[in-house]
Amino acid sequence: MDRVALRGLKARGHHGVFPKEREDGQTFLVDIVLGLDTRPAAADDDLAKTVHYGIVAEEVVAVVEGEPVNLVETLAERIAQVCLKHEGVEEVEVCVHKPDAPITVPFDDVTVTIIRSRV
């Protein structure tokens, strides 16, 4: 299976368990890796035969900027489901970064990574 990756998609969301996270919001970063067969698109040099990653990026940002959820795990699941709706995408790996998570000790990043496939 081939891979198309989008790294470092950035969007502001109001996700989190604490009221301050919901009120103020924070920046989330998202990395996605789409699993699909790119051979038909490559053979014909035809965008219509592959995933349009610009559209996927816009949809992912819309999820992050959309309805708030408590857990990063839930956000990752919603992003995965949006990606799997694209024809030809058989698998997706989603990594959501929450670099400003409310943690009381020094840290670089918090991430949740999930892998989902078509059933």
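A Cβ is built for glycine as well, from the same backbone N, Cα and C atoms used for every other residue.
What Swiss-Prot records for Glu21, Tyr53, Val72, Glu73 is substrate binding site, and it gives similarity to another entry as the kind of evidence. Residues or ranges marked as active site, proton donor/acceptor in Swiss-Prot (evidence: similarity to another entry): Lys98.
Features per Swiss-Prot, on structure.
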{"residue": "Glu21", "record": "substrate binding site", "DSSP (3 states)": "helix"}
{"residue": "Tyr53", "record": "substrate binding site", "DSSP (3 states)": "helix"}
{"residue": "Val72", "record": "substrate binding site", "DSSP (3 states)": "helix"}
{"residue": "Lys98", "record": "active site, proton donor/acceptor", "DSSP (3 states)": "coil"}
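Look at the binding-site residues Glu21, Glu73 and count other Cβ atoms within 10 Å of each Cβ; Glu73 has the fewest.
Note: Val72 (substrate binding site) has non-local neighbours His15, Val96, Lys98, Val110, Val112, i.e. same-chain residues 6+ apart with C-beta under 8 A of its own C-beta. The record assigns Glu21, Tyr53, Val72, Glu73 to the substrate site; their largest pairwise CA distance measures 29 Å.
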